[in-house]
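Trainee: Pasting the feature list from TrEMBL:
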DOMAIN    61-166  domain 'THUMP'
BINDING   LEU184, ILE185, HIS209, PHE210, ARG266, GLY288, GLN297  ATP binding site
Amino acid sequence: MKEILLLKEGEIALKGQNRSSFEDLLIKNAKRRLRALGPFSYFKAQSTIYVTPEDDGIDMDEAFEVAGRVFGVAAYCRACVVEKDYGAICEAAREYLAPALRAVKTFKVEAKRSDKSFPMRSPEICRELGGFLLESFPHLRVDVQNPDVVVIAEIRERGAYLHAGQLPGAGGIPVGSSGRAGLLISGGIDSPVAGYMMAKRGLELSAIHFESPPYTSERAREKVMALLQKLVPYCGRIKCYVVPFTKIQEEIRKNCPEDLFTIIMRRYMMRLSDRIAKEGGLSALVTGESLGQVASQTMLAMACTGAVTDLPIFRPVIGMDKNEIVAIARKIDTFETSILPYEDCCTVFTPRHPRTRPKLEMVEQAEQALQGGALVEEAFAATETVWIREL
Ligand code: ATP
Ligand code: MG
């Protein structure tokens with residue numbers, strides 16, 4: 001029996017004039033994610049994208065899982081494709097829907113007939129198919145108000161489709177529909193979650209990672225790449241900029257007061273991110289900062305770090321508690337990787353008493369001891385790029 005995937009559009013169905021460009025982006029993203037599983041064809045009709053496997057060997061369980069991570073899909077389901085013949089529809093319903101119907105007590109049938117040449121009208125299909133299923137599964141009852149399962153029979157130009165029960169999709173809007181931004185990613189728990197959240201709102205992400213060899217190891221870098229790989233099913237392929245940060249950190253340690261060390265370091269991260277963004281066409285920066293979590297995430301500290309760039313900085317976990325962030329990290333399967341114990345450059349030179357209420361003038365004054373512009377240019381010139389692609 002031939003099966004297809006139905007992806008139901010969420011918010012983008014409300015997009016008015018831009019709607020079709022959102023839909024095209026959704027299809028493009030779905031294609032990219034599913035490509036590795038084999039050939040599929042795509043068509044859209046009435047706020048739904050129909051994804052048809054064009055090869056019998058395609059693993060539809062896996063395709064279903066992949067589709068569940070595509071942003072812009074509000075709900076999704078698998079459906080069987082049937083010849084447009086009432087007898088064939090009944091037979092297919094009995095076989096294909098058996099697992100779903102055996103697991104419940106009540107159901108109802110909904111019919112959608114967009115092919116008006118089909119001889120039965122929708123209410124008649126509902127009544128007849130409902131009666132047929134009651135006979136085939138005698139434990140069932142019809143409940144039109146609050147059924148356990150809604151059996152949907154769609155009669156369309158290209159064929160008839162049967163399905164029962166959809167799951168909530170990944171939600172959000174298609175990746176790329178909001179533009180491109182740079183995600184500052186550490187090896188921690190918060191920044192991958194922040195990336196996931198902003199990709200959900202349509203941002204296509206590039207990643208920016210600061211490393212400080214030999215204080216940070218090759219394994220710390222691999223951990224970040226592993227985290228990005230976990231984001232790819234949601235975000236699509238990601239270009240990662242790896243910035244050598246050792247010299248900047250050493251210069252700060254040598255020349256600046258210890259209590260301002262973290263804040264100055266974070267300002268350099270922002271300066272470099274700004275430099276990369278302007279070179280790479282990124283229109284915003286994303287961080288995993290959460291208000292009050294550590295000394296560098298107080299309001300005044302964030303004012304100091306934000307002062308070195310004119311790009312908007314998105315901090316989607318700013319108002320979340322750690323346990324709320326962890327719940328998302330578990331959901332997107334980054335948590336176990338994030339807690340691997342490799343050093344991040346931030347933890348290499350941590351001051352004993354970081355200032356929690358830094359004053360911008362004081363920080364700017366302390367930075368005078370550094371050859372700031374030259375340090376940024378040198379690190380920028382030595383930045384590597386690595387692509388993290390769909391598997
Ligand atoms: P995370 O769990 O994301 O590491 P955190 O709670 O450890 O966050 P900080 O170390 O203060 O917090 O970092 C705050 C934010 O700064 C991170 O969420 C991330 O966006 C960015 N950041 C920190 N370290 C790095 C790094 N080595 N490379 C790139 N960005 C970084
Ligand atoms: Mg961190």
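For all residues, glycine too, the Cβ spot is worked out from N, Cα and C.
I would like each feature placed in context: is it buried or exposed, what are its neighbours, and how far apart are things?
Mentor: The Cβ of GLN297 (ATP binding site) lies under 8 Å from the Cβ of GLU289, SER290, LEU291, each of these being in the same chain and 6 or more residues away along the sequence.
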Trainee: Taking the binding-site residues ILE185, HIS209, PHE210, which residues show a Cβ-atom distance to ligand 2 below 6 Å?
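Mentor: Cβ under 6 Å from ligand 2: none.
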Trainee: I'd like to know which of the binding-site residues listed (LEU184, HIS209, PHE210, ARG266, GLY288) lie near ligand 1, counting only a CB under 6 Å away.
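Mentor: Cβ < 6 Å from ligand 1, in sequence order: LEU184, HIS209, PHE210, GLY288.
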Trainee: Under the DSSP assignment, what numbers of helix, strand and coil residues are found in the domain 'THUMP' (61-166)?
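Mentor: When I sort the residues of the domain 'THUMP' (61-166) into the three classes, I find 38 helix, 34 strand, 34 coil.
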Trainee: Where among the binding-site residues LEU184, ILE185 do you find the Cβ with the fewest other Cβ atoms within 10 Å?
Mentor: LEU184
Trainee: Fewest other Cβ atoms within 10 Å: which of the binding-site residues HIS209, ARG266 wins that one? Let me know.
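Mentor: Checked HIS209, ARG266; of these binding-site residues, fewest Cβ neighbours within 10 Å: ARG266.
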